[in-house]
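The following features are taken from TrEMBL:
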- S187, R207, T264, V296, P297, S326, R327, G365, L366, E404: NADP(+) binding site (BINDING)
- 86-102: compositional bias 'Polar residues' (COMPBIAS)
- 18-76: domain 'CpcD-like' (DOMAIN)
- 125-249: domain 'FAD-binding FR-type' (DOMAIN)
- 84-108: region 'Disordered' (REGION)
Amino acid sequence: MYNPGLAAALANTTEYGNRLFVYEVVGLSQNTKNDNLDYPIRNSGSVFITVPYQRMNQEMRRINAMGGRIVSIKPLNADTPLKVTPTRQSQAEVSQPPVSKTQEVKTKSMTETKVQVPVNIYRPNNPYIGKCVENYPLVAEGGSGIVQHLTFDISGGDLQYVEGQSIGIIPPGTDENGKPYKVRLYSIASTRHGDMKDNKTVSLCVRQLEYEHPETKQTVYGVCSTHLCFLKPGDDVAISGPVGKEMLLPDDEDATIIMLATGTGIAPFRAFLWRMFKEQHEDYKFKGLAWLIFGVPFTANILYKDHLEQMVADYPENFRLTNAISREEKNKDGGRMYIQHRVAEHAEELWGMLQNPKTHLYMCGLKGMESGIEEGLSPFAKEQGVEWSDFVKTLKKEHRWHVEVY
Ligand SMILES: Cc1cc2nc3c(=O)[nH]c(=O)nc-3n(C[C@H](O)[C@H](O)[C@H](O)COP(=O)(O)OP(=O)(O)OC[C@H]3O[C@@H](n4cnc5c(N)ncnc54)[C@H](O)[C@@H]3O)c2cc1C
């Protein structure tokens, strides 16, 4: 259900902040779970729920959790319902949303946040030498490849970082030309406080690169990833950075955070989720919805599986986990289940969420993911009369589209 009028209306919280909206919801049935609802379910199957702007996200989650589907949203007492069939004019609205005061404020506050983000404290030519304190495997028995969780002590320097940033690692030794190896980037997998919560460590999630040389057919192992995956506690590691401002988590505690990850692309999202649910912070109490759609080849490759499942159990209202296990699950056409198939399965819901200016979409992992997501969502956008590329442009402009692929 694409709704440009709603997108514009919601963006303008100055005008709409105190207003009420009516959700028309289908798919809810009267049962013990729903008995405590404060609205009647009609014989027609539709339920009309009046929601203040500030509670829209929360109510959306409640409805989702109960298996309901929102089919329209309209402002209470508005002359024009927001359930519109988009026209060419509404497409134009998507690509050029009206700039409201709130949007100006929002953009400014994000810029301010960005200014405070530390970058390049250590340069690759003069790195910080940290020590490995922990290195353990993340792939369970029967999974493919080697993926390690690594933690480095950074207490002796000035390295600081925030969730969503990366650090550089400079492998020891020289390349075939006798020159020092170049820096490789890795997404930070810990919160700004580190896994020990003492602000003295940084963690990574690293896969050992392994491939068959196209000509010699010999197995080749990546230089830096192999160095990292086989580090022992006490070993030195040369660190630069931090870098990156594209994958930062918004300050908004009520945001909807959609995370699409493949393999080690989970790293920045581990940092997000740990900040949201595992660690307690005075300055950040997440009350929104986080939805991780995670693509892996085998169940044994679901990195941090126990933690993720525990978070779902502990925070069912705030955290949702959807796996796409390519070698074990089939998509609707009988082929392998990739992340884009899960996106397509949930296209309507994801699309609805993305109409809300509080929603951010993140993707991290394999190159090519972006086109996969387009494959999953653009047919749905088209049905609503919206060009996918225009929609992405709008999300980028609003700093709600975050991509890190490698
Ligand atoms: C922003 C960012 C974040 C990243 N985050 C992570 C992360 O969190 N975890 C992680 O594990 N990695 C991450 N990476 C990837 C990481 O930086 C390295 O690229 C990766 O570890 C490989 O480095 P290496 O030194 O082991 O490989 P190298 O020794 O540098 O070998 C890589 C080279 O091998 C060749 N090659 C690779 N695959 C094939 C193939 N199939 N066929 C033929 N040739 C091939 C290519 O020439 C490639 O450039 C990230 C990259 C970026 C840019």
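Any Cβ shown, glycine's included, is placed from N, Cα and C.
Known features from TrEMBL, placed on the structure.
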residue	record	Cβ within 10 Å
S187	NADP(+) binding site	26
T264	NADP(+) binding site	25
P297	NADP(+) binding site	19
R327	NADP(+) binding site	12
L366	NADP(+) binding site	18
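Checked against ligand 1, the binding-site residues T264, P297, R327, L366 give T264 as the ones with a Cβ under 6 Å from it, listed in sequence order. When the record's NADP(+)-binding residues S187, R207, T264, V296, P297, S326, R327, G365, L366, E404 are compared pairwise by CA position, the greatest distance found is 26 Å. With DSSP states grouped into helix (H, G, I), strand (E, B) and coil, the domain 'FAD-binding FR-type' (125-249) comes out at 7 helix, 50 strand, 68 coil. When secondary structure is read from DSSP and collapsed to three states, T264 (NADP(+) binding site) falls in the helix class. The secondary structure of L366 (NADP(+) binding site), as reduced to three states from DSSP, is coil rather than helix or strand.
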